[in-house]
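Visitor: According to TrEMBL:
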- Cys108, Cys112, Cys115: [4Fe-4S] cluster binding site (BINDING)
- 94-303: domain 'Radical SAM core' (DOMAIN)
- Lys317: N6-(pyridoxal phosphate)lysine (MOD_RES)
Amino acid sequence: MKNKLWYDWKWQVQNSVTDIKQILNQKVTYNYNMRVTPYYMSLMKDDDNCPIRKQAIPSHKELEKNSINYEKYGIDITDSLCEKKYSPVSHLVHRYPDRVMIEVTNNCFMYCRFCTRKRLTKIDRKQNDLKSAYKYIRENENIRDVLLSGGDPLTLEDSQLEEIISTLKEIKHIEIIRIGTRAPVVMPMRITDELTDMLRKYHPIWINTHFNHPVEVTEQSQNACEKLINAGIPMGNQSVLLKEINDNVEVYKELCLKLVKMRVRPYYLYQCDIGEGLEHFRTNIKVGVNIIKELRQNITGFAIPAYVIDAPNGGGKITINPENIVEWTEDYVKLKNYLGDEYYYPEI
Ligand SMILES: *Cc1c(COP(=O)(O)O)cnc(C)c1O
Ligand code: SF4
């Protein structure tokens with residue numbers, strides 16, 4: 001039995017581990033922030049292969065130089081997705097015509113070691129100034145969907161979050177608001193009744209969370225998702241394919257099945273982005289394709305996420321499918337099913 005404070009999200013924030021010396025007696029200074037909640041620490045095993053440990057605890061590998069010559073491909077590893085180029089005003093990224101992402105905060109409950117935004121989250125800023133973002137959204141009527149991202153938007157107080165959501169809600173052409181948050185996974189106590197009562201006033205609100213491994217699905221994280229879903233919020237999951245963490249068919253399948261059992265729809269499986277200090281997390285694309293292929297054969301269709309690569313140099317998300325079209329002529333398409341058998345489908 002944990003004491004009462006354990007279930008209080010503010011206590012979890014105050015008692016988060018922010019210094020490697022709190023865990024290891026090791027004198028290393030790191031280029032990137034560290035922060036882990038006591039809750040997430042409690043899931044950790046004293047084993048270097050622990051998937052929780054690998055996501056949360058800094059490693060000297062983050063300081064190693066990349067072995068691939070990304071420049072040859074015109075890729076700037078400090079901003080491989082070219083978010084700067086697609087950012088017309090500060091804290092807003094507009095890559096697709098009908099939707100924008102806004103970075104409401106730079107803070108996270110936990111700093112994931114594989115994070116693409118590692119450099120941004122280094123700047124400790126609780127709440128970003130969104131005035132110019134609001135103005136931009138108001139003036140662009142083709143924007144109908146706003147994604148609140150960061151950092152983790154739920155690190156804000158309910159009142160700060162409500163101010164952002166209600167401001168967006170007042171803009172006529174905004175049809176949906178969605179939030180990307182890892183709180184259900186690393187800080188499930190953040191999902192309070194006060195929070196869900198506030199969010200349900202602003203429907204349609206959608207939430208995507210970020211489970212990477214089946215051991216992250218605990219009773220508490222399950223309760224957190226259930227609370228959000230029972231408040232009428234559809235939930236999706238975006239995970240990142242991580243070397244020696246979840247790059248395995250059995251592990252990933254177990255995760256997807258656990259997610260649908262708690263009514264969270266697997267949405268995306270991301271190829272780990274290119275960036276500084278991330279190389280030890282990256283897998284080959286073949287690994288992801290093979291996972292999707294195996295899932296297609298074995299589990300419920302809606303338990304299978306789309307495998308996506310956020311293309312370097314600002315290409316946006318590209319879905320990668322196992323190749324199902326074998327041949328494409330004017331008269332027919334030759335298709336291959338999950339068993340590898342081929343079928344002709346006449347064109348109209
Ligand atoms: C991923 C992303 C979105 C949302 O894309 P969906 O495919 O609709 O989930 C929006 N804006 C940016 C900049 C993104 O990277
Ligand atoms: S919660 Fe998201 S933004 Fe924050 S460190 Fe993890 S992956 Fe990055």
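The backbone N, Cα and C atoms fix where each Cβ goes, and this holds for glycine too.
All annotation found in TrEMBL is predicted automatically rather than curated by experts.
Since this is a predicted model, take the numbers as computed values, not measurements.
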Visitor: Take the domain 'Radical SAM core' (94-303) and average the pLDDT across it for me.
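Guide: Summarising the domain 'Radical SAM core' (94-303) by its mean pLDDT gives 96.
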Visitor: If you measure Cys115 ([4Fe-4S] cluster binding site) to Lys317 (N6-(pyridoxal phosphate)lysine) at Cα, how many Å is it?
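Guide: Distance (Cα to Cα, whole Å): 17 Å.
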Visitor: For Cys108 ([4Fe-4S] cluster binding site), list the number of other Cβ atoms lying within 10 Å of its Cβ atom.
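Guide: There are 23 such Cβ atoms around Cys108 ([4Fe-4S] cluster binding site).
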Visitor: Under 8 Å Cβ to Cβ from the residue listed as 'N6-(pyridoxal phosphate)lysine', same chain, six or more residues apart: give me those in sequence order, or none if nothing qualifies.
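Guide: Sequence-distant Cβ neighbours: Tyr268, Val308, Ile309, Asp310, Ala311.
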Visitor: Tell me the Cβ contacts of Cys112 ([4Fe-4S] cluster binding site) under 8 Å, same chain only and six or more apart in sequence, or just say none.
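Guide: Residues satisfying the criterion: Gln55, Ala56, Arg182.
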